[in-house]
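The structure under discussion appears below in the form of structure tokens.
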Amino acid sequence: MNNVYIPITVDHIARVEGKGGVEILVGDDGVKEVRLNIIEGPRFFEAITLGKKLDEALAVYPRICSFCSAAHKLTAVEAAEKAIGFTPREEIQALREVLYIGDMIESHALHLYLLVLPDYLGYSGPLHMVDEYKKEIGIALDLKNLGSWIMEVLGSRAIHQENVVFGGFGKLPGKATLELMKKRLQEALPKAEYTFELFSKLEQYKEVEGPITHLAVKPRGDVYGIYGDYISASDGNEFPSEDYKEHIKEFVVEHSFAKHSHYHGKPFMVGAISRVVNHADKLYGKAKELYESHRNLLRPTNPFANNLAQALELVYFAERAIDLIDEALAKWPIRPRDEVEIKDGFGVSTTEAPRGILIYALEVKDGKVAYADIITPTAFNLAMLEEHVRMMAEKHYKDEPERLKYLTEMVVRAYDPCISCSVHVARL
Amino acid sequence: MRRKAKIGFYALTSCYGCQLQFAMIDELVQALEKIRIECWFMLDRESNENAKVDIALIEGSVSTEEEVELVKKIRENAKIVVAVGSCAVQGGVQSWEKDKPLEELWKTVYGDGKVKFKPKMAEPVSKYIKVDYNIYGCPPEKKDFIYALGTLLIDSWPEDIDYPVCLECRLKGNPCVLIEKGEPCLGPITRAGCDARCPSYGIACIGCRGAIGYDVAWFDSLARTFREKGLTKEEILERMKIFNAHNPKLEEMVEKVFQGVEE
């Protein structure tokens, strides 16, 4: 039989955030087509916030995604503050970054232990691992709870924080609470290191080895981190964030409610591994040591290295948050909020969300949103992710369909896609 | 001994926050002695969307034609259907511009691009199937889940909350964000249960738990107060609609306040 294509489909990829499926068409002579269907419905966030009051739009944007709602909130607020010409005080910026780190810790812990690890241990999901892997589940919950608690204290809630406002915060915790936060972060460090050791032993599938272009936000202040005003690429290029449209092009594809993106005409990757590839020289402390001793595993050529890069970041960001809290405590007592005058203007903020570069471009006119462009990490990653799923499928299309599905799902999970985030975004 | 109750958690279009909140309940591990999860794609690969269940939890708004079919199927397979969170219960923030044509919103975001699935304007689950119980919030509080499931599991029926955020805010002794700070707080019309989370941070309530039912959401009284503080009718409607776009009473009650009033 010639050209008879057998579809192999996963309707609903499990253990990711959001709704997507994989479709692989296999013929006699190999893989014909690979599609990552993003079937999560559209939510039109840019369109629905146009003409809306800025503070109301800023309450709505984080609802793009729960796994990274703090990332959305803080990036949107920074874009809005840039637009109206306001720069928060250093100690406020430090505490906002701690809040962001809370999101990073929660998101990474959740992804690594509950979404990724079950595949390696042969379980369909974490709830079945409870009896056998008490220690791992315990660490997962401890780290996740620490991240949630940080977001609750500084953001008002673990999901959809309201406590970040123009000019600062609605309310700040007392000094004793920040000291307790520091203590809890210190106690979490051994658990983060255990996570790194655990994930350093897991297989990274050679089937998907190949060159990858990585993009990451160049951290402000030359310390590995979240905020920055330039984007760096692993091809040596670097450009100001506000020029993102000159380098990254978005386009609609038929099989997905989320758009795809190309950098200079080609798929690219963002996320923890991209941050490590582009900016490992700015790591410090224990994380730097771990990076040095495990460089061979943190490879720029394999998307599975993203899992280990996230584990490395658990260690790094716990230490970084401690330093940022110290910075804030050194200026205690801190005024939570400055008066802000809402002027007209345009602002672009680029930050590193748990899954990679997050862009908010906002124009403000008469206190209202006049233009909004939001591009999320998963939307950036989708084209590259589809390529890696194809590579895996090409090597395994003769295997049992169940095995093929399992392996391709693992590729998807290594990217930690936030499908909800990826849908709805970007005004043309 | 009673058999374990079968539970399914299904996702429509949403941010996945309600499922995330559910997953973050540490007590869930203990609850596994009483429940068996038949379908929960976010956490389990062996999920069966077609399984018969005792309790179906549905998160997200109905935002594609495919999801209309999905909710009907879930209803057929479930004894009790629970709509979870502001998307499933009220249509979510994505309903904020529900009166604009879908084509216009599509064009703004996707241009002339076409997608093979069929999008539709976001709607609450109850628009398509009978919903037996609601868990409110964006996201719901953990205790909302524990209370609702705990009650259903002992064959009882969870009570709805029929009083506003203000009540909890007063009990906490917070300064009033609306009266003392002059900010457009939606606490007076919004269902309590969050322990006045935002006003306790000095932030005005944006109404994420939705307007209180039982005809006790006085959109008109609050609209009058907002008007006195200088907000226009449009501004008042916009704010109240973030989480209540599908509420049948809202516009009529706000209109009433502005009848014959020159702005």
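Glycine too: its Cβ is placed from the backbone N, Cα and C atoms.
Given the structure is predicted, the values throughout are model-derived calculations rather than measurements.
Feature list (source: TrEMBL):
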- A:Glu46, A:Ile374, A:His424: Mg(2+) binding site (BINDING)
- A:Cys65, A:Cys68, A:Cys418: Ni(2+) binding site (BINDING)
- A:Cys68, A:Cys421: Fe cation binding site (BINDING)
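Sequence features, as recorded in TrEMBL, placed on the structure.
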residue: A:Glu46; record: Mg(2+) binding site; DSSP (3 states): helix
residue: A:Cys65; record: Ni(2+) binding site; DSSP (3 states): coil
residue: A:Ile374; record: Mg(2+) binding site; DSSP (3 states): strand
residue: A:Cys418; record: Ni(2+) binding site; DSSP (3 states): strand
A:Glu46, A:Cys65, A:Ile374: the binding-site residues whose Cβ falls under 8 Å from a chain B Cβ: A:Glu46, A:Cys65
Cα separation, A:Cys65 (Ni(2+) binding site) to A:Cys421 (Fe cation binding site) (Å, whole number): 5
In the chain carrying A:Cys68 (Ni(2+) binding site), residues 6 or more apart in sequence that have Cβ under 8 angstroms from it: A:Asp103, A:Ser107, A:Ala353, A:Pro354, A:Arg355, A:Leu358, A:Cys418, A:Cys421
Cα separation, A:Cys65 (Ni(2+) binding site) to A:Ile374 (Mg(2+) binding site) (Å, whole number): 12
Listed binding-site residues (A:Ile374, A:Cys421), ranked by Cβ neighbours within 10 Å, top entry: A:Cys421
Whole-number Å value for how far A:Cys65 (Ni(2+) binding site) lies from A:Glu46 (Mg(2+) binding site) (Cα to Cα): 14
Listed in sequence order, residues with CB under 8 A of A:Cys65 (Ni(2+) binding site) and six or more positions away: A:Glu17, A:Ala71, A:His72, A:Thr376, A:Cys418, A:Ser420, A:Cys421
Among A:Glu46, A:Cys418, which are binding-site residues, the residue with the most C-beta atoms within 10 angstroms of its C-beta: A:Cys418
